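Pasting in a structure now, in structure tokens, and then I'll have a few things to ask.
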């Protein structure tokens, strides 16, 4: 029964969607203080390379490698965030873009560690490592009636799902906290926020470092899901792709980039039927979207409308119930 | 809080539904083709193709799929094997290549896979195919370490480690080379891997390496590197570049007065070099598995048929794909069924297969064994280098 439902293909696509959602969240955090960063591909590559090298060359456990990768990306985020504090808008975008390129060129030329343009292959794979680990404890795929590769894909998906849900929960909660309100205030008007006594430096660097850390985290996960990375995976187009998640879905609320990442990753797969035309359609959708909803698909207004409609419905229903009760009563 | 969980859940539910509905069509047709004796004793099998069909490298994918289709048409006419090709696009990206491989292996239940186009894609797809026990054959992956991924991974494209030594050896013989200069692109897997081989061969042959210069993808001005190279006065320049950068390098080198021959890698081997560099391309030496001017009936038939079908000259990617298809069809015929393991074993046993590229065998790792042809550009044409 289970064996027929679990198709590694769908799980694979869903896994990439989840990784892209994490990347979407990472760009959302930096954007939520009004900082436009094109350096997320760079942070992603730091996470990916750190974790890959630590687990492959120094036999670190996977979990430790991923966490250290994310932390290092976060630290680099702080280092980049402080000097670029004064930069805004396009200027910050260009500075961070430069940073991303520097990281990429560094990985190309640091051949003794990164094997240059050839990239690092046979990185420990999440699922495969886990399955061998489970086998040692006596649990195999046959026991729940599925094939080995199904179990691997399933495990990868479940791990990523749990991680993604936890991350989103954390940032939704943060948005409703003091920190989230400070971010929103800074995004609206930096000077006014400062006048209100908000420590601009602290919160902007915090947002930048958080974004960098989450991007590095996604990068590390990516490395252990594809088992191969090379510097060209983290070039300029990756940075733009990450930004598009937020621009397409909307960068005002966290659901925007999440939707953007989901939609834009699933789209090329869903369009496989039309083969060579799929990227044309993909492009047309992007253009149409920007023409009709430049603020992104999901914005505050939309969330507000959905919420108020729900409330109205509830109210109407409550009223009906009330009336019925009265009707019966009288 | 509860609302946000709901939102997330609903997003996933929608995604799963979309995916399931979009792909269910393919699901139903698969699985019931259990192989042999479909019609007139022909062995039928499904073969998946992963190719780069959209984006910057779509030209490669087109040549490859054209070669495959042409071969498959002929194979069908011969009537021994009946192969259904299912082609998926990878857009040159590892993630997409992996997703399409999963689709082919699990939704379409293919018996074997041809592709993907790039070595980087193969490094991601190869281990997964090997794990699932699906034989996979690259027809254009030349980087080091591809067949070593696993028992189920093959390739019929000669690696740089085979092509470059052949051309350097012949160049040494002819020009009595003692000192060389190396120029390579250091941000590309292909050219970097070519450079590693060049360096190794030059050291093995006891050549003096005067200087090693690098450039980046898309660079337009190579005067700085070429000036340095010119000052060291080499007998030969080893240049690991793709044809678009390589042609510009040759053009600028000749204008600067560097008239020594160049030895290039497989990526340098394209008629485009002559188109871009013109007379400056004279003196380029490359080793290639594919030579359209070969005096062989099979080769000439292929060129004629390809031209008639697609209206252009076949390049090495089309030729390698064409032979790859035949190699696989041969293995399926020998295996006698569409069983993945049987096909793998038959493929591994391939020996002395006569294709348009020459005589081919697989070594124990699944790498191709064949003699490359060394060509040079003379008077604006690729000719045999002797």
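Each residue, glycine too, has its Cβ placed from N, Cα and C.
Sharing the features that TrEMBL gives for it:
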REGION    A:311-330  region 'Disordered'
TRANSMEM  A:12-31  transmembrane segment
TRANSMEM  A:62-82  transmembrane segment
TRANSMEM  A:89-107  transmembrane segment
TRANSMEM  A:151-172  transmembrane segment
TRANSMEM  A:205-230  transmembrane segment
TRANSMEM  A:242-267  transmembrane segment
TRANSMEM  A:279-298  transmembrane segment
Check the transmembrane segment (A:12-31) against each of A:62-82, A:89-107, A:205-230 and return whichever range has the most CB pairs under 8 Å.
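Checked against A:62-82, A:89-107, A:205-230; highest Cβ contact count belongs to A:205-230.
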Can you tell me which of A:62-82, A:151-172, A:279-298 gets the most C-beta pairs within less than 8 Å of the transmembrane segment (A:242-267)?
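Of the candidates A:62-82, A:151-172, A:279-298, A:279-298 scores highest.
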Quick test of the contact rule: Cβ under 8 Å, at least six residues beyond the ends. What residues does that give for the transmembrane segment (A:205-230)?
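That would be 15-16, 19-20, 22-23, 25-27, 29-30, 32-33, 35, 37, 39-40, 43-52, 55, 62, 65-66, 69-78, 80-82, 84-85, 117-126, 156, 160, 163, 167, 179, 183, 242.
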